[in-house]
Amino acid sequence: MKILVAGGGGREHAICLALTKNANVELYSVMGKKNPGIAKIARESFIHAETDVPAVLAFAKEHNIQYAVVGPEAPLEAGLVDALTKAGIGCVGPVKAAARIETDKGFCRGLMNKYGIDGCPAYKLCNTPKEAAEFIREYPGDLAVKPTGLTGGKGVKVMGEQVDREGAVEYAMTLKDQVIILEERLLGEEFTLMAFVDGKHLVPMPLVQDHKRAFEGDVGPNTGGMGSYSLENHKFPFVTEDDYAKAISIMQATIDALAQEGSPYKGILYGQFMNTKTGPKVIEFNARFGDPEAMNVLSILTSDFLTIAEHIINGTLSANDVSFEEKATVCKYIVPMDYPDKPHAGDVITVGPAENTILYYANIALENGVLMTLTSRTMAYVGIGASLAEAEKYAEAACRNVSGNVRYRSDIGTEALFAKRIAHMKELRS
């Protein structure tokens, strides 16, 4: 079975490793920069922009690709799935119209409003920076300020966190030539719920919590994600059964709404939720696996990913097709020392021994047997254990054995940070 994976990050390395557990998979890759982990296991790699739809389509046809899995959001927005599907290649990933759930935040909020879907925060769309600035100045509370398009997870500024009111105004004024969305600031604990979706049915994956801030203690600028964790029971103590059921219901209602709009959703749906005093609210939807969250869930996937992909493509997915090991995971990203502001490329890094972990390469170069940093997140270790403490211990030990001009967040997955999350939610709801 010839499978094409589009994308070359840590998420895509995880997708490729999960697929190739099936000996019948013949893996092909298209990626903008060569990922040495993917290149090692692929039959052939096409080093080319994944958003160049005609070129990717030609590569797929040349190699008689049967199925494709699209990792990042940019090729979804470019219409890669539409082109591959038209050519008879089954895809794990939504068509462009359905991917708007991520690529156009205004569309997402409008869809939730139109169909009365729960969990939508109060929001306002502004067509000019001036309009946004005026609203920010007049609004009595705190707001999240974001462009409606793709920002790589780094486009939001939240009043009371990264900026004050004047800082929010200044940021809004920089967002020229795009629609700006202003949303009420949500207070609570974030969690990620990803699901496999076949157009009608969803099958959830373990809950994951990501850590966007660059530095320990959840401070510093937002990043693409410095690491994440999941628990052995696949839930969180700060997400009640009612909260969880509501989050599932919100995602199912969103899938139903997209089908009603004439754009059935097939692929991975990622719900980023803020669990507030009154229950989960949707921060955003993504139209693909999270990065790093994909590495947590795919590291403990026990069912065959190729079979899941076939059921997604054929519209025959059921809960019986998906199973995960009852293990905890902790993912810690190794990044260039000055990431995300001024990361330096070309620094040599060495990797030491690691136990009970999986290493996923991301934005990294391998030249003459030497690993070197590039300008984004370098690589990630996922520790796997019977408990969060055990998984964190393995991930931490592996990261400590990496040397070079790099850093990581040692607090991700620790008992102290986890206890802080639980206490915060308890205080919020007391």
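Positions of Cβ are set from backbone N, Cα and C atoms, glycine also.
Features as listed in Swiss-Prot:
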| type | residues | note |
| --- | --- | --- |
| BINDING | 136-192 | ATP binding site |
| BINDING | Q272, E284 | Mn(2+) 1 binding site |
| BINDING | Q272, E284 | Mg(2+) 1 binding site |
| BINDING | E284, N286 | Mn(2+) 2 binding site |
| BINDING | E284, N286 | Mg(2+) 2 binding site |
| DOMAIN | 109-314 | domain 'ATP-grasp' |
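Location within the structure of each feature annotated in Swiss-Prot.
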residue : record                : Cβ contacts under 8 Å, 6 or more apart
I136    : ATP binding site      : L143, V145, M159, R165, A168, V169, A172, L182
A144    : ATP binding site      : V156, K157, V158, M159, L182, E183, E184, R185, L186
G160    : ATP binding site      : D142, R185
K176    : ATP binding site      : P129
T192    : ATP binding site      : L207, V208, Q209, D210, S228, Y270, G271, Q272, F273, G290, E293
E284    : Mn(2+) 1 binding site : E102, K105, C108, Q272
N286    : Mn(2+) 2 binding site : E73, E102, L269, Y270, Q272
Winner by Cβ contact number (other Cβ atoms within 10 Å) across the binding-site residues A168, E184, Q272: A168
For A144 (ATP binding site): DSSP state (helix, strand, coil): strand
